[in-house]
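Note sheet for the following structure.
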Amino acid sequence: MHSNSTIEKSVNSLADSLVIRQLNTMDYSQVWHAMKDFTDNRDDTTADELWLVEHPAVFTQGQAGKAEHLLVPGDIEVVKVDRGGQVTYHGPGQLVVYVMINLRRKKIGVRQLVTLIENSIVSALTDYDIAAYAKADAPGVYVDEKKIASLGLRVRKGCSFHGLAMNVNMDLSPFLRINPCGYAGLEMVQTADLQGPKDTASASTALVKHLINLLKANNVSHQVGLPNENNKYHE
């Protein structure tokens, strides 16, 4: 038998734990299915995770997505997904961070998590003297009214998945084939053009330290590759 104090101590310890998982470049659908499996299989003994990845070119359309926002997808694959929001683009040179957090254990709501993620991005860009900001009416992070980072989350069983995408050093032209996040004419910008990080590795280092800080994670571990299904994602 575990005493209540032992269980509480274990839960508090897990609330402080965070796994940073480097996936390098990986197909969008493969990662999407893996994060759904991770979320479906996790329980109160599963540590929270951040997955860092770049995707080959793909448009993803959220649950609110309307076909008219896909202007000219052309030869780029379109994947309909289960996150909030409209259509966005992922491609090489963009840092994507998937945020798998047990919100009940952290005692935060999804709106608080959105704000935390936005603040982490703003802080990372501030380190490079980039004047970035969030908007109350349009999730994401902006510089001079141009969007530098997009955000889309889903919550299942009290746990978040999906996450953020920050433009680092990429071909931005595919964004012209869509209305990004459902906003016609919304301009996109990237860190490499603003004296910020020139590659996703540098951007990742800058961003992750602020995510760790704002998530109050004191027990951080680093892993490479998708979780091993045999361990059921438990610590």
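Including glycine, each Cβ sits where the backbone N, Cα and C put it.
Note that this is a predicted model, so its numbers are computed, not measured.
Summarising the annotation, Swiss-Prot assigns active site, acyl-thioester intermediate to CYS181. Every protein chain shown contributes to the tally, and the Cβ of CYS181 (active site, acyl-thioester intermediate) ends up with 23 other Cβ atoms within 10 Å. Classification of CYS181 (active site, acyl-thioester intermediate) by DSSP places it within a helix.
If you look up Swiss-Prot, you'll see ARG83, GLY84, GLY85, GLN86, VAL87, THR88, TYR89, HIS90, SER150, LEU151, GLY152, GLY163, LEU164, ALA165 marked as substrate binding site, on the strength of sequence analysis. All chains included, 26 other C-beta atoms sit within 10 angstroms of the C-beta of TYR89 (substrate binding site). Mapped onto three states, the DSSP output places TYR89 (substrate binding site) in strand.
The feature domain 'BPL/LPL catalytic' is assigned by Swiss-Prot to 44-231.
The site 'Lowers pKa of active site Cys' annotation in Swiss-Prot covers LYS147. Secondary structure at LYS147 (site 'Lowers pKa of active site Cys'), taken from DSSP and collapsed to helix, strand or coil, is strand.
Mean model confidence for the domain 'BPL/LPL catalytic' (44-231) is a pLDDT of 93.
Following the DSSP three-state reduction, the secondary structure of LEU164 (substrate binding site) is strand. Taken over all pairs of the listed substrate-binding residues (ARG83, GLY84, GLY85, GLN86, VAL87, THR88, TYR89, HIS90, SER150, LEU151, GLY152, GLY163, LEU164, ALA165), the Cα spread reaches a maximum of 16 Å, rounded to the nearest whole number.
Sequence-distant contacts of VAL87 (substrate binding site), defined by Cβ-Cβ distance under 8 angstroms and a gap of at least six in the same chain, are PHE59, THR60, GLN61, GLY62, GLY65, HIS69, LEU70, ILE178, ASN179, PRO180, CYS181, GLY182.
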